Every structure is written in C-alpha cells, then in structure tokens.
C-alpha cells in the first residue's frame, strides 16, 4: 500500500490506471526540464527569425541585381510597383486573415495625407535603390546605403533643429570618410548609379525623420505592419503613371517575355514575395528581440550582403574599396553607440 493506485471508471466502464503523485524532487526536475525546453524553443524561434531576416534582406538585393543587370529586365519602376502590390496583398492577408497584429483604421483626412506623403518618399527611396542596382555592384550599393545615419542626422537638424552631441557628430566622420575612400577606388563606378543610390539612402533617412514627426500623436500612431498595409497600395498608385510614362508598355513586354521564358514569372513572383518578407521579418525581429538588435543586424547585413554578392556575381573589388567599406561600417557602429549614450544621458 506504500505506492497506491487509484482506480476509476470512464464512460465506457473501462478501468483507468492513474499513477501516484511523484515525489517533490522528481517534480522539480520535471519543471526544470520544462523550462529548459521553453528556453531552447525560444532560442530556436529567434534564431530562425534572424536567419529569415538575413535571407529576405540579402535575397531581395541579389534578386533585384540579377533581374535588372544580368537577366536583362530593365524596368526598376515597374519592379518596385510589383513589390508594392505584393506588400499590399500580403499585408492584407497577414492582418485581416492571419491577424498577426490588430487592424488599425485611418481616422482622418489629415492622417491619410500624412501617410500619402510618407508613401511618396518611400517610392522615391525604393525606386532609386532598385535603379542603382542596374549600374552598381551590390557591394558598392551597400557601402553607400550604410551612410544612412549621416543623412538622418542632417535631416533631423534641418527639419526639427535637433542637435546631437559632439560625440555623435564625430562618429559620422568615419561614415563619410569610408564612402569617399570606397568611391575613389570602385572599379565599376557609375556616376548616375552613384547619384541615385545616394538619393535612395537620403530618401530612406528622410522617411524615418518625417515618420517620427507626422505620426507622433497617440491617435495617429500606426503599427509598422498597418502602416505598410496603407502605404503599399498608395505607393503602387503613385508609381503607375511613372512606369507607363518612363518605361513604356511594360505590361505587354513582360507578358511577351513570360510567353518565351516562363522563368520570368517565377522570378518576379519570388522577388515580390521576398520584398514583403523583408518587412515581415523586420517586425518579427523587433518583436522577438529589440529595435537595437535590428540595428546591429542591419550594420552586419551590409557587410554580409557585399561578401555574398561578390562571391555570386564575381564583381571586382579592391583592397582600398574594402578598407573604405570597413571604415564606414565602423563609423556606423560608433554612431549607434554614441546615440545610445546620448539617449542614456538625456534620460
């Protein structure tokens, strides 16, 4: 009787064998194993999300480069419009069907106009970025893109008169110095490609500053996924007249291309899907880690994307170019640290 068994009856009058309660030390061990399982599951989930973030961010760059430079699909505005339509469709499914985040409505005409303005800046930045990939290697494109903090500091000062600490401004010097070194030693330098890439980087910085200003009130704040749901279709509408005017009858050209080579359909759908995954994984990384982790990953991504693109596309690189890129990345890291310290001091 030291280890009693309880017998009870179920609805079918079958005997159920219920074991005795385990001793307390065994229960503690079970709890410990359970917590370990939860911890390892969380670690696995976070690792998969970070891997997906790298895959989508670098994947969309490489696919854009392949389509626009190597495959010969020279329609960056139409490609960007496809990205926007894809983001609109996937965002609708993610929010309204899968309910990843609660749906938020636009409450006023003023809020709508603010989102429209953001969409226009977003369009400019993405189109310039995609266009630059026609003319520049991914490695140089990423080196220029890494200077975003420099433009953010300039726009924050010009628009909001926000002054940073001397340490933050000093950290921006290597960011600029690195890109000057890289530009002077880039074997595949193209002036137009360089200018539109700088425009894309400036546009990205302007969007972040403007977004911080115009969507600050609690009533107007939108979750990043909801903001994308509204911005993407507006961006597609803005791009439509431009693609028709600049790129001609691109719809008919794409259909003709699809008839002779169906692989283009797979490339365009895959490319547009990965473009949405960039936004989804940005949100998931921030949710499962922090905004700071996303910033650190972004710093590393430029270097990883540059290395991967050189391995795949075999574009020539110089030691001076790599040194310049390294100086820029170091500057971005120093800038992030200086910003963190200045925020800590202000609090």
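Here the Cβ of each residue, glycine as well, is placed from N, Cα and C on the backbone.
Automatic prediction, not curation, is the source of TrEMBL annotations.
Pulled from TrEMBL, these are the features on record:
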TRANSMEM  43-63  transmembrane segment
DOMAIN    46-336  domain 'Sugar phosphate transporter'
TRANSMEM  75-100  transmembrane segment
TRANSMEM  112-133  transmembrane segment
TRANSMEM  139-159  transmembrane segment
TRANSMEM  166-182  transmembrane segment
TRANSMEM  188-206  transmembrane segment
TRANSMEM  227-244  transmembrane segment
TRANSMEM  264-285  transmembrane segment
TRANSMEM  292-313  transmembrane segment
TRANSMEM  319-336  transmembrane segment
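Within the same chain, the transmembrane segment (75-100) stays apart from the transmembrane segment (166-182): fewer than three Cβ pairs sit under 8 Å, each pair at least 6 residues apart. Proximity of the transmembrane segment (188-206) to the transmembrane segment (139-159) is established through 3 or more Cβ-Cβ distances under 8 Å for residue pairs spaced 6 or more apart. Within the same chain, the transmembrane segment (139-159) packs against the transmembrane segment (319-336): three or more Cβ pairs sit under 8 Å, each pair at least 6 residues apart. Below 8 A, the CB atoms of the transmembrane segment (43-63) and the transmembrane segment (292-313) form 3+ pairs separated by six or more positions in the chain. In the predicted model, the domain 'Sugar phosphate transporter' (46-336) has a mean pLDDT of 90. Remote same-chain partners of the transmembrane segment (319-336), defined as residues 6 or more beyond its termini with a Cβ less than 8 Å from a stretch Cβ, comprise 139-140, 142-143, 146-147, 149, 168, 171-187, 295-296, 299, 302-303, 306.
Residues of the same chain lying 6 or more positions beyond the ends of the transmembrane segment (292-313) and with a Cβ under 8 Å from any Cβ of it are 50, 53-54, 57-58, 61-62, 65, 70, 137-139, 142-143, 145-146, 282, 285-286, 325, 329, 332-333, 336, 340. Using a Cβ-Cβ cut-off under 8 Å and counting only residues 6 or more beyond its ends in the same chain, the transmembrane segment (166-182) has close neighbours at 140, 143-144, 146-147, 149-150, 153, 320-321, 323-332, 334-335, 337-339, 341-342.
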